[in-house]
Amino acid sequence: MNLAINCEHYLKGDCRSCQWLEKNYGQQLQEKEQHLEKLLSAVKFSEENYLSPCQSSLTHFRNKAKMVVSGNVERPILGILQDPNDSQSAVDLCDCPLYPTQFQAIFPVLKDFIARAGLVPYNIKKQKGELKYILLTQSQYDDDVMIRFVLRSEIKLPLIQREINGLLTKLPQAKVISLNIQPQHAAILEGEKEIFLTEQQVLEEQFNQIPLFIRPQGFFQTNPLVAEELYGTAQQWIKDLPIHRLWDLFCGVGGFGLHCAKILQEKNINIELTGIEISPSAIYSATLSAKKLALNNVKFQSLDVTKFSLDQNQQPDLVIVNPPRRGIGKPLAEFLNQLQPHFILYSSCNATTMAKDLTYLANYKIEKIQLFDMFPHTEHYEVLTLLTISSDKK
Ligand SMILES: C[S@@+](CC[C@H](N)C(=O)[O-])C[C@H]1O[C@@H](n2cnc3c(N)ncnc32)[C@H](O)[C@@H]1O
Ligand code: SF4
């Protein structure tokens, strides 16, 4: 079997998470482009506005590993369950070629820590044990990592505290370590309670000299090199446009808004950036970045984007939207279509919902569009679109 990358687990059939591994990379990209073109066939745009895709590395491109913990306390297995209801079906994926190479040295230390702290892996059928998942995230900026242990309860906290200095000595790059308490039996990845074992609670990342802060709960891009290209492209596309007032909706930790505000401010343009995001911890991170960049007139607020937008009566020049897979939805799209900001920058991880939203944005045409291959070996991709008001609607 010819695979796009060498993966023993795929060949053995014990992991099939990369559903497109049997297609070579050229074929993967071609199918993604065809998919996007088909979705946009009803929307007006010219060929020259369709930029060639931003490609990804084929291996070691993920900054995050979500490992189900199973096996036993002396020999834990970190990986996936082939049958989600059976801990006996575990496959160890510590050598998955998508993770950063540095993770290879970290996983054995974590396995040793599990044994030392007596963190019995959770057994789904028996509903016994404590440790459910380990979530590991690396910053590409300085290779520091954040380690999160998802546990059923706090019962092991004293043992973990006893062993934590040993772990920090072996892994000095572990700048953030936390316990997430997830008491429910359901296959939910994480619970609400986060207990920090390190003073530092956010992991610093940097894209295009913009500091961004990854915090335990909530969204952060998982393919850092492609994400850096994505934010950098957004920045380049808007830098010469007449923009003073901008909104970054679904802003997360602020990547898009901060990139755009920084380049405009460097050109001595007076800007006013408002970033809106539902998660308060993401807003905390975004505010921290704005302070570090010494940006003036920047306000990040934890609110529902539709509620925020419908309450506004001032027209922004640029609205950035980067929604979850469901898209921005009809009420917000129709509102923006009436509000008529001069430019809309739409970044989407689901071109199907974006294409639907574009039908409600009937006053706009596509000025530029580019595919960013954030998720190689799968059918998923990111797409960035710059919309301007159609000349007949001005
Ligand atoms: C695809 S992420 C984009 C994050 C950010 N733009 C970035 O580049 O990292 C979508 C974000 O929308 C937020 N979100 C989801 N529903 C929301 C809502 N109704 N109002 C505000 N934010 C929302 C999520 O918390 C998440 O951070
Ligand atoms: S996720 Fe990793 S182990 Fe699984 S198929 Fe993809 S490359 Fe192979």
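Even glycines carry a Cβ here, placed using N, Cα and C.
Where the annotation comes from TrEMBL, it is an automatic prediction and has not been curated.
Fair warning: this is a prediction, and the values are worked out from it, not measured in the lab.
Among the candidates CYS96, CYS251, CYS260, the one that TrEMBL lists alongside CYS7, CYS15, CYS18 as binding [4Fe-4S] cluster is CYS96.
Together with GLN221, PHE250, ASN322, TrEMBL lists one candidate of GLU194, GLU272, GLU277 for binding S-adenosyl-L-methionine, that being GLU277. Note: the S-adenosyl-L-methionine site is recorded as GLN221, PHE250, GLU277, ASN322; in the same chain, PHE219, ASP248, CYS251, GLY252, VAL253, GLY255, PHE256, PRO323, SER347 also have Cβ atoms within 8 Å of that site's Cβ centroid. Taken residue by residue with DSSP, GLU277 (S-adenosyl-L-methionine binding site) is part of a strand.
Excluding CYS7, CYS15, CYS18, CYS96, which define the [4Fe-4S] cluster site, the same chain contributes HIS9, TYR10, ARG16, SER17, LEU21, LEU93, PRO97, LEU98 within 8 Å (Cβ to the Cβ centroid), listed in sequence order. When the recorded positions PHE250, GLU277, ASN322, CYS349 are ranked by how far their Cα is from the Cα of CYS18 ([4Fe-4S] cluster binding site), CYS349 comes first. When the Cα of GLN221 (S-adenosyl-L-methionine binding site) is compared against those of the recorded positions CYS7, CYS15, CYS96, CYS349, the shortest separation belongs to CYS349. With a CB cut-off of under 6 A applied against ligand 1, none of the binding-site residues CYS7, CYS15, CYS18, CYS96 are retained. Ranked by CA distance from CYS96 ([4Fe-4S] cluster binding site), the recorded positions PHE250, GLU277, ASN322, CYS349 have CYS349 at the top as the closest.
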